[in-house]
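Here the structure comes first, spelled out in structure tokens, and everything after it is commentary.
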Amino acid sequence: MDEAESFVPFQGIKKDVKGRLNCYKQDWISGLRAGFRILAPTTYIFFASAIPVITFGEQLERDTDGKITAVQTLVSTALCGVIHSIIGGQPLLILGVAEPTVIMYTFMFNFAKSRTDLGSNLFLAWTGWVCLWTGLLLFLLAVLGACTFINRFTRLAGELFGILIAMLFMQEAIRGIVDEFGVPGRTNPRSAEFQPAWVFANGMFGLVLSSGLLYTGLKSRKARSWRFGAEWLRGFIADYGVPVMVVVWTCISYIPWKSVPQGIPRRLVSPNPWSPGAYQNWTVIKEMVDVPVLYILLAVVPASMIAVLYYFDHSVASQLAQQEDFNLRKPPAYHYDLFLLGFLTILCGLIGIPPSNGVIPQSPMHTKSLATLNHQLLRNKLVAAARKCIRNNATIGEVYGSMEEAYQQMQSPLIHQEPSRIQGLKQSHIQKASNADALVDETVFDIETEVENILPVEVKEQRVSNFLQAMMVAGCVAAMPLIKRIPSSVLWGYFAYMAIESLPGNQFWERIVLLFTAPSRRFKVLEDNHAVFIETVPFKTMAMFTLFQTAYLLVCFGITWVPVAGVLFPLMIMFLVPVRQYVLPNFFKGAHLQDLDAAEYEEAPAILSFNLKPEGEVSRATSFADSGEVMDGMFTRSRGEIRKVSSLKLGGGGSGSTVGSPAGGGVELMRRVVSFQNPRVSEKVYIRSLSDFRGGGEISPRSSAGRAPFSPRSATGGGGGEQRLSNLGKSV
């Protein structure tokens, strides 16, 4: 959208509504056609959404003297989630009560409690006015097209914000575990479970439960690569392992039930939804008229802070859920979603519950899970079509043609949408292959690997999963008696799990790890797929950029500890936009900044000379056991991006043969196919040997058997391709 056009009142909202209305019917049909398979991403995102909300509710219950509990946070998440899934613009966006909202409500409660003419009794009524002002400010921002500025956020800001959220989650987990060793407030310290010995026992048992959930949860996500168990069992554990582990460790907490006091381990504390104290907030609108006029006007101050906070969090969460790398085919709706958020904020304030907004990392996690689902459906269809064609002695051109036909059969053409990335594959690439008329030998033509190379990453864009997960959160309100049986330490373990799970794939985190890696071991980075900047940016420059980003991160994290003002830490993230645009170019070369702050997550392949596997063996080693595992390898987990990886099949001479590619022309075919998905691949030239990397004549014993050329420019066997040396070991 043009910036001048975006500031025309209502222009952005009208464009968003028009674009999404054309897709609305298909949003529901697409989800329903997925059948029971939609339950896997639904359950996955439900637990990622519900467990933090329950924990935040318990935190609010302590900080507001019971005025707000887990019942209210669950109701807010469910209500806003259902409304957004039905009439929202971007259905991939997940709404929920977030940590900044908890901090802000704690501040407002302490302020109200300290004022005799307001007091804790009018706290919810005053927050109703705060939410009313917040909603009006969000309306104003949406009408004026303020969301246009979100597009200026680069990887620098996004990854720093992702690490900051991970730090806040880990901080909450550590704080919760430490509290397990103390006596909670508003309890009888003379009770048996609060005696020093039992308090220590509660803390140690809680440490076991939280660590157990963290360890088993991380392991279960990699179940598809296990060597043991049937494929369906490994897939089930990978999809549902974390919620299953919550149940398992909850059951373990009941083992010593005869030998310990009843309160060990400690469990969630929240009233049932039918308890007298749980529904007093629903009539808070009647008490709003009792708030003094002065405090109604003063409510603009916290409302402005919350509006800025929601504008940033909601828009960035939506941006991360619909990145370009996800290849979404339907238009965004930033302005309309912000406008709808204003309505939801007012609604929540009028019924006395904390408002919900777009949350990170749940939103990109939702998109990633739907990409995995769509990938499984497409992959199975294309593999079946290819095998059927091969059994009929088809040529390679006919095989690819049948796969494209199968692909198009699964697509649902829409009006006003981006075209599919695979459209025209047969005409643009297959007919250019020199051996397109050659018969296919299934013993050397790896169908599944070929499908993985040509199948673009696409997301099953629909509203069903968001609607179902919101309804499941609503079901948690009625299931509160069961939820209260979960040990609080298990939830702290889940917080730590979400923090750690968000780190891999974050280039900022990878550079931090690289800084602490011994210089003699840094070459190990090149033995696996790695970010392209490792080869293009000098190590000294990389270190300076990382140290700047780390210092900025610590400043942002320190601000979160400042009373009241701590909630405005997103302003520091927003300040990175002018810093990146006007300040950093004075200290770093433009080419280096481009690689370190790239819009896409691009990786270079591992270097074959680091191991002695034949090319065919390495090619097969890079394939995955099943479709779900493929997406585990392709996705980063911090921002949910797609890793752009140069195919190993690009190497090798034009006269040789590779696994998955018929001799000679197959290499050229795959070069064109991969180039089609990522045009930048053809512009990258990678180092060939360990001696190149080290910049000297020293060669690893593992590289003595020969070197495989990796330059896509020499993929056809020609020489003369430019060779670029790695800069990882260089200081300038």
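Our numbering is plain: 1 for the first residue shown, then up by one each step along the chain.
Cβ atoms here come from the backbone N, Cα and C positions, even for glycine.
Here the structure is a predicted model, which means the values were calculated and not measured.
Quick look at what Swiss-Prot lists:
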type	residues	note
MOD_RES	M1	N-acetylmethionine
REGION	695-732	region 'Disordered'
TOPO_DOM	1-37	topological domain 'Cytoplasmic'
TOPO_DOM	59-77	topological domain 'Extracellular'
TOPO_DOM	99-123	topological domain 'Cytoplasmic'
TOPO_DOM	145-157	topological domain 'Extracellular'
TOPO_DOM	179-197	topological domain 'Cytoplasmic'
TOPO_DOM	219-234	topological domain 'Extracellular'
TOPO_DOM	256-291	topological domain 'Cytoplasmic'
TOPO_DOM	313-339	topological domain 'Extracellular'
TOPO_DOM	361-463	topological domain 'Cytoplasmic'
TOPO_DOM	485-556	topological domain 'Extracellular'
TOPO_DOM	578-732	topological domain 'Cytoplasmic'
TRANSMEM	38-58	transmembrane segment
TRANSMEM	78-98	transmembrane segment
TRANSMEM	124-144	transmembrane segment
TRANSMEM	158-178	transmembrane segment
TRANSMEM	198-218	transmembrane segment
TRANSMEM	235-255	transmembrane segment
TRANSMEM	292-312	transmembrane segment
TRANSMEM	340-360	transmembrane segment
TRANSMEM	464-484	transmembrane segment
TRANSMEM	557-577	transmembrane segment
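Beyond the ends of the transmembrane segment (78-98), by six or more residues, the same chain brings 16-17, 20, 27, 45, 49, 52-53, 56-57, 313-314, 317-318, 321-322, 328, 332-334, 336-337, 340, 344, 347-348, 353-359, 362-363, 365-367, 370, 459, 461-463, 466-467, 469-471, 473-474, 476-477 to within a C-beta distance below 8 angstroms of the stretch. Same-chain neighbours of the transmembrane segment (158-178): 52, 55, 99, 203, 206-207, 210, 316, 319-320, 360-361, 488-489, 491-493, 495-496, 498-500, 502-503, 506-509, 549, 552-553, 556-557, 560, 569-570, 573, 576, 638-639, counting only residues six or more beyond its ends whose CB sits under 8 Å from a CB of the stretch. The stretch from 38-58, 340-360, 557-577 with the most CB pairs below 8 A to the transmembrane segment (124-144) is 340-360. The transmembrane segment (464-484) and the transmembrane segment (292-312) are not in contact, since fewer than 3 Cβ pairs between them lie under 8 Å (pairs 6 or more apart in sequence). Tertiary proximity for the topological domain 'Cytoplasmic' (179-197) is limited to same-chain residues at least six positions away from its ends with a CB under 8 Å from its CB atoms, namely 62, 203, 206-207, 260-266, 488-489, 492.
Remote same-chain residues near the transmembrane segment (340-360) are listed as 49, 60, 68, 72-73, 75-77, 79-81, 83-84, 87-89, 93-98, 101-102, 105, 124, 127-132, 134-139, 142, 161-162, 165, 280-285, 288, 306, 310, 313-318, 320-321 (criterion: CB distance under 8 Å, separation of at least six residues from the stretch ends). Sequence-distant neighbours of the topological domain 'Cytoplasmic' (256-291) (same chain, 6+ residues past either end, Cβ-Cβ under 8 Å): 54, 57-58, 61, 66-72, 118, 122, 124-126, 128-129, 180, 184, 191-194, 198, 201-202, 205-206, 209, 350-353, 477-478, 480-481, 483-489, 491.
Only residues 6 or more beyond the boundaries of the topological domain 'Extracellular' (59-77), in the same chain, are considered here, and those with a CB under 8 A from a CB of the stretch are 49-50, 53, 95-97, 102, 105-106, 109, 120, 123-124, 184-186, 268-273, 277-278, 281, 348, 352-356, 470, 473-474, 476-477, 480, 483. Over the topological domain 'Cytoplasmic' (361-463), the average per-residue pLDDT in this prediction is 62.
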